[in-house]
Structures are given as structure tokens and as C-alpha cells.
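K.L.:
Below is one structure. I have some questions about it.
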Amino acid sequence: MERITVTLGERSYPISIASGLFSQEAAFWPLRSGEQAMLVTNETLAKLYLAPVQRTLERAGVRVGQVILPDGEQFKSLSVLERVFSALLENNHGRDTTLVALGGGVIGDLIGFAAACYQRGVRFIQVPTTLLAQVDSSVGGKTAVNHPLGKNMIGAFYQPASVTIDIDCLQTLPLRELASGLAEVIKYGIIMDADFFRWLETQMDALLRLEPSALVYCIRRCCELKAQVVAEDEREQGRRALLNLGHTFGHAIEAEMGYGNWLHGEAVAAGTMMAARVACRLGYLQPQQAERMSALLTRAGLPVQGPAGMIPDAYLPHMLRDKKVLGGTLRLVLPTAIGSAEVFAGVSHDVVRDAIADCLA
């Protein structure tokens, strides 16, 4: 088993990565015999993993309830959050309960926010089942639900007690969802680690074949990089903003197209190339480096162009609601080379429009 620690003083927590963790009682630390937990998942995953995880927890002596939610980004909402609160209250869960988020980014974000709010804060465990959640959203304490006017606009920073990553989940992941997760994987190479980017260029086929050794290394490296950034900048006042490469454009795509029509990673991939084209237009990034980014995203099965029919002017209203906007000024994460990125403020809207146009189908 690989184990990484997110170092945040008394709120530090472990990330465990291995095959077969769902059958191991110790993988769901810090739950102990006699404690109460609410296991939350979606309708799709319930058929695959709810029973084995519940059996493992019950074998450990944990009293387990369950909530099964509808599957999809459109259900990451306040109304679904209320369903979780109702289930907790109706089943007499107190401040000593633990929420177990068994699912991808939607379940993890929503249940993390539920944990932050319920009785002013209860413990929760992230059990990510998609590559995207395993390498990104389950680590770092960002929790939220969506609003019709913007993605992740209602949320909190609230760290899990632990993260349990069983790579066997990826065997049942649709290829499109796997590719979506690879967008976040590639992002780490672009913004932080040129050696990892080069490794991805040589190992992409192995990842797409779900070779266990490649998956474990990939997930571990991403979690190491994320843990390092979160330890330095938990609340996104500085360096952590770099993890949002492609997200300002990507969130605009998701909001405009309707949540769930473009997967998050697909929107981030197209947004990453839009950010790269902005950087090229401003002279911060060499065009051949942008082409390497585009080539790797394409090999992963990801789009490098925006949605057909979404004109450049449709992006800006959404982008100006981005959480990185300060004083009405657009701030963008732009790659400056493979392995490095910076936040730039005051980028001309005309340059942004032109870069988006460069990436239209």
C-alpha cells in the first residue's frame, strides 16, 4: 500500500492507495467499532460497491446507514444536499457520526460540504471511485455544490479525516470518465512537474490500459503534488490557484452547456488549451510547448477545442463570476512552460476572445 500524508498540523490526514482496499477494515481509518457512519453514494455505484464497503465497515463493528443519490453533475445541488441532511436527522445521526463519500467528484464535493455544515461540522472520509476524484477533488478539502449561475459557488474548505483510493474501481470506469480524470493528471505535469509530463508522454498507453503499476505511480505522484500545494496554501490565497489551470474557461463551458453535458475533465482539457493559447498570444509560452500539451491531451482522448456553437462572447460572463476574480478584474492561470505556470491579472478581454477563437471547432 502507498501512503501519503497531507500535512496540516492537527488536521493532517492520510491518503491510502492500493488494490483491494474496499475489503480491508483498516482502510477506513479512523472509523472504529461502535461508531456510527452514513455511507453515501449514487445509484450507479451502489450496484457495484455499496454492499462490499458496507460489509467491511460492519465487520469492523461500525453501525452503517446508507443514502443513495441520483447520478450526475446536475444533482450536485442544494436540493440534493437537503436530502442528505434529512436522512441524517431522520436516522438520529449526531455530531459523532462520520460521513463516508463513496463516489466521484460530485459525491465527494457534496458530502464534504454536508459534513462541513451538519451540526456545524462532522467527520468525513473520502472514498473516490473515479480517476479525477482520486488525483484531484478528494484531496485538499474543497467542498461545494453548484448554483445555476456558477459551478462550486456554494461551499467551504473542509478537510477529510482520510482518503481511501482503491484502484480496482477504475476497472468499471467508462473510458470517457477515465479520460476526464487524465485531464487533471496532465494538468499537474503542465503546472508543476516537467519530468512527470514526460513520463505521461511515454506511459499514456499504459494508463489507458489500466496497468496497475502505472496507475499507482500516476495517482501517487498527483496526490504528492496536490498534498504539497495544499500544505503550503490550504485556502487558495497563493500557489494553490495554479491548480485551476483551464478551470476558468472550463467552468464557463460547463455552465453554458448545462452541467453534465461536458464532463468536468473534458471542459478542463479544452480550457487548458485556451489558457495555453492566451499565453502564446502574450508571449509567455512557446507555441511548440502548447503543441506538446495538445498532443498529450488528444492521446488521452480529450477535446482540445471548445463546444461547437459556443462563441467567444459566451465565455466571458461566466469567467467574470470566477472565484479568482478580484475587484472585477479577470485573473487567469497561464502556463509559461511545461512544468510551470503563473497567475496573471488584467489580461485583455480581446486577447481572451481571440484565444478562445483559436480553440473553436
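Note that Cβ sites are derived from N, Cα and C of the backbone, with glycine treated the same way.
Sequence annotations record features per position, and here Swiss-Prot assigns NAD(+) binding site to 71-76, 105-109, 129-130, LYS142, LYS151, 169-172. Residues or ranges marked as Zn(2+) binding site in Swiss-Prot: GLU184, HIS247, HIS264.
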K.L.:
Taking the centroid of the Cβ atoms of GLU184, HIS247, HIS264 as the Zn(2+) site, which other residues of that chain lie with their Cβ within 8 Å of it, listed in sequence order?
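P.N.:
Those within range, site residues removed, are LEU132, ASP136, SER137, ALA183, LYS187, GLY246, GLY250, GLY265, ALA267, VAL268.
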K.L.:
Between HIS247, HIS264, which of the binding-site residues has its C-beta surrounded by the fewest other C-beta atoms within 10 Å?
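P.N.:
Looking at the binding-site residues HIS247, HIS264, the Cβ with the fewest others within 10 Å is that of HIS247.
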K.L.:
How far is it from CYS169 (NAD(+) binding site) to HIS247 (Zn(2+) binding site), counting Cα to Cα, in Å?
P.N.:
26
K.L.:
Indicate whether ASP71 (NAD(+) binding site) is helix, strand or coil by DSSP.
P.N.:
coil
K.L.:
Please report the Cα separation of GLY105 (NAD(+) binding site) and GLU184 (Zn(2+) binding site) in Å, rounded to an integer.
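P.N.:
That separation, Cα to Cα, works out to 12 Å.
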K.L.:
If one measures from the C-alpha of GLU184 (Zn(2+) binding site) to the C-alpha of THR130 (NAD(+) binding site), what distance in angstrom results, rounded to a whole number?
P.N.:
12
K.L.:
Tell me the coarse DSSP state (helix, strand, coil) of THR130 (NAD(+) binding site).
P.N.:
coil
K.L.:
Tally every other Cβ atom lying within 10 Å of the Cβ atom of GLY108 (NAD(+) binding site).
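P.N.:
A count of 31.
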K.L.:
Including all protein chains displayed, how many Cβ atoms other than that of THR130 (NAD(+) binding site) lie within 10 Å of its Cβ?
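P.N.:
So the number of other Cβ atoms within 10 Å of THR130 (NAD(+) binding site) is 28.
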K.L.:
I'm trying to understand the geometry here, so how far is the Cα atom of HIS264 (Zn(2+) binding site) from the Cα atom of GLN74 (NAD(+) binding site), in Å to the nearest whole number?
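P.N.:
Here the two Cα atoms are 12 Å apart.
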K.L.:
For each of ASP71, GLU184, count the other CB atoms within 10 A of its CB; which of these binding-site residues has the top count?
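P.N.:
Checking each of ASP71, GLU184, the winner is GLU184.
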